[in-house]
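What follows is one structure encoded as structure tokens, with my remarks underneath.
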There are 2 protein chains.
Amino acid sequence: MGEFELIRRYFLPLAGQGKSRSLILGPGDDCAIQRIPAGRDLVFSVDTLVEGVHFPKYYRPDYLGWRALAAAASDLAAMGADPECFTLALTLPAADEQWLAGFAEGLRAASDAFGLALAGGDTTSGPLTLTLQVHGTVDEGTAIRRTGARPGDLVAVSGTLGDAGAALEYLAEPAPTPDMAAMLDRYHRPRPRLELGRSVRGFASAAIDVSDGLLADLGHILQASGVGASLDSARLPVSPSLARLKGDASVAHALRSGDDYELCLTFPEDRWGAMPESVKRQLSVIGVIQAEAGLYLDGTDCSAGGTPSGFDHFRGKG
Amino acid sequence: MGEFELIRRYFLPLAGQGKSRSLILGPGDDCAIQRIPAGRDLVFSVDTLVEGVHFPKYYRPDYLGWRALAAAASDLAAMGADPECFTLALTLPAADEQWLAGFAEGLRAASDAFGLALAGGDTTSGPLTLTLQVHGTVDEGTAIRRTGARPGDLVAVSGTLGDAGAALEYLAEPAPTPDMAAMLDRYHRPRPRLELGRSVRGFASAAIDVSDGLLADLGHILQASGVGASLDSARLPVSPSLARLKGDASVAHALRSGDDYELCLTFPEDRWGAMPESVKRQLSVIGVIQAEAGLYLDGTDCSAGGTPSGFDHFRGKG
């Protein structure tokens, strides 16, 4: 099956231009066309996933389709953006129809769930690699950047941390317990915080999604904003399943594991106070921004020159 | 050297937000931000290049940087768009500084030449693969699509065809003649027809860039527009160098070779007549659009079911 037939059969059904208010020409021409409403900004982000690096070899194609779009969409959540559309550059060793059908099914489910229409793409032959670019929109000037954290701001995270990272140990488990299954679900079916991201627009001073681990990602906010932070390890949100599986070591997972796709946010105290309870309930306050550089956990500076490797001593914690 | 340092050292100098009027936030946050002026449409296209498939192994990195952006920008030319910015997803087997310096240099030269600022990207570890997405803008509703060709429209192409494809035979030539060197320059340093694309906006009824070969790419216009075409092989623009190197076989190159990144356009006759001479001079009229399906060359239908393989009998022509 040739490239064009491939695209037609498996990906054109995802185009659904109606899904995006702004996409006025989808796949099939030299370019796609988006008409951004006056007073709105376009925000966009690109993410690559390589087999054997970002996902295991022989990974289930429907999980891959979902995860690839979820990981990309998480960057829109971190800007507080409304999702619009995406492009898919798919490099495949062979046109395996069964694989493609599964991949397209996972991608379609994510496309529907996140409200992202396929705008265009490119299919090439080579080692399995995916690059997705997601497009969203926000009211002019309201995108939440990494640069806005100020001393005194509260540091908060959504959901629970460490689950997806813990799942890596159970990927080959033939009979996962319910707790393991809960971890695996977080890894295979991440749910980017798009709704929450939109809800905190106008309240949060800075935001990032937790893809590389809380310490690394919060570190990016601190560096971009020129500030430091103090965290309280007892306030880190850990799921009951992770706590049962990992005991005290769950704190290390919550600090270092990636792939959770939760949001890490900062809020001026008065803006936090002004937020609806329904939004606050989705967040845990874990610390405070300070003027002094460094990332302090329970009073100990663990920024060690600002590199994530400085946190290695947490690996064995507990 | 880590991912972040890599990006900073070699790619941040390309960000130059000032290059694009619409790019208001470049690399370094979860997303880039573009503010499209009211009354303008965003057009965008994504292209992947895989080592060993789209370019030879051990290909010179500065050529690769230029070619990758040129190939992507050519899709903007085919829509008649003004270039704005691009994203780069770069998958690399290793962080080889010498390679990166060369690649960034070629990319920078192309970025300057085409007026495309780096908006964001992702650097990952894996087999050498590049995915570039280019963004341009046009006045609302004026992008040139593939669907607008109508019976009686003239078919025209820019520049000369077949040169880049012929160069493939000379890539390893230790002492290329001046004619071979001319072919090689077309292959290594393609120049997308951005200026010409903008000039024909409002005149051309359909457009595509010649990346896969004239017959294949014109075939896409015919299919999208629901029409056929008759071409005159004697009117195909062939460079003197290609004619000297290939003799009568140069026609087959002009019909089938890819990588030239010229434009194939259709024009209603009155719109053609209304165009400035300075624009017409860059184009060769090679045929006419007809209502009847099929792609006729010198009176012989060579569409053979619409697949490019139907043109195989031209390989030996001459």
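Backbone N, Cα and C atoms are what each Cβ position is placed from, and that goes for glycine too.
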Among A:Asp209, A:Asp212, A:Asp217, A:Asp232, the candidate listed by TrEMBL alongside A:Asp30, A:Asp75 for Mg(2+) 3 is A:Asp209
Quick check on the binding-site residues A:Ser45, A:Ser211: which one has the highest count of other Cβ atoms within 10 Å of its Cβ? A:Ser45
For the binding-site residues A:Asp47, A:Asp75, A:Ser211, A:Asp212, which residues show a Cβ-Cβ distance under 8 Å to chain B? A:Asp47, A:Asp75
When DSSP states are folded down to helix, strand and coil, where does A:Asp209 (Mg(2+) 3 binding site) land? strand
Which same-chain residues, if any, lie at least 6 apart from A:Gly121 (ATP binding site) yet have Cβ under 8 Å of it: A:Ile7, A:Phe11, A:Pro27, A:Thr87, A:Leu88, A:Ala89, A:Leu90
For A:Arg146 (ATP binding site), what is the tally of other C-beta atoms lying within 10 angstroms of its C-beta? 22
Return the average pLDDT for the domain 'PurM-like C-terminal' (A:150-296) as a whole number. 96
Output, ordered by sequence, the same-chain residues six or more apart from A:Asp47 (Mg(2+) 1 binding site) with a CB under 8 Å from its CB, or 'none'. A:Ala68, A:Ala71, A:Ala72, A:Asp75, A:Thr131, A:Leu132, A:Gln133, A:Val134
CA-CA, which of the binding-site residues A:Asp30, A:His54, A:Asp122 lies nearest A:Ser211 (ATP binding site)? A:His54
Cα-Cα distance linking A:Arg146 (ATP binding site) and A:Asp259 (substrate binding site), given in Å to the nearest integer: 19
